[in-house]
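Quick look at what Swiss-Prot annotates:
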DOMAIN    51-127  domain 'S1 motif'
DOMAIN    135-196  domain 'KH'
REGION    213-263  region 'Disordered'
COMPBIAS  218-245  compositional bias 'Acidic residues'
């Protein structure tokens, strides 16, 4: 068997030289560092089922205003680190005494990560196209490591979500997804996104989600085939309970290689 579900501390191999991402070596043996899918092709590696969001430069994320100071809006980013949006990074000229008129505590906003220092000071900006305050719709949260699966290879999955639900969709890198449309359409879209999160390690998921949103019965060959990920992550570094965007994209390509890519 080239792959299987494993838990932290599980013995994977006695060949320490084959240790790959998501593993550690102890007494000459390889053990799993994570709860996820182990791949035994080539180097022994483990891809986690879940992960935490760590802010990264250029990420678009959905944040909440938690405080307003004389020169900054302080944002909760869905990570261990709050972000700072300086008044100069707002798209309009704003006097510091009027900052709360534009954004106040509790407001939800799409921002871009401008910079992250070595000390994890997170600077945000709303000067990028697409940044805006969100006054309508709903926010859905998924595990951040599942974001590439929600987007899909080449944007295939998110394109289907938008087209078949008749809703606007914005996927933040921090696992927060904004949707906007009619209530019944948002209800169905929410269920579809939950399906993607819970079945992200299955193949044929893009077809399955599309059929669900169209109200079609399952039955297309391969649409609900249950297959563990044949992950190829040699050379990709993973930390405990964390997965890189590059790794997630590789997983997505492997999972959707039998499905049509819709742009």
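Any Cβ shown, glycine's included, is placed from N, Cα and C.
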Across the domain 'S1 motif' (51-127), average pLDDT on the 0 to 100 scale: 94
The domain 'KH' (135-196): DSSP-derived helix, strand, coil residue counts: 35 helix, 13 strand, 14 coil
Three-state composition of the domain 'S1 motif' (51-127), taking helix and strand from DSSP: 10 helix, 31 strand, 36 coil
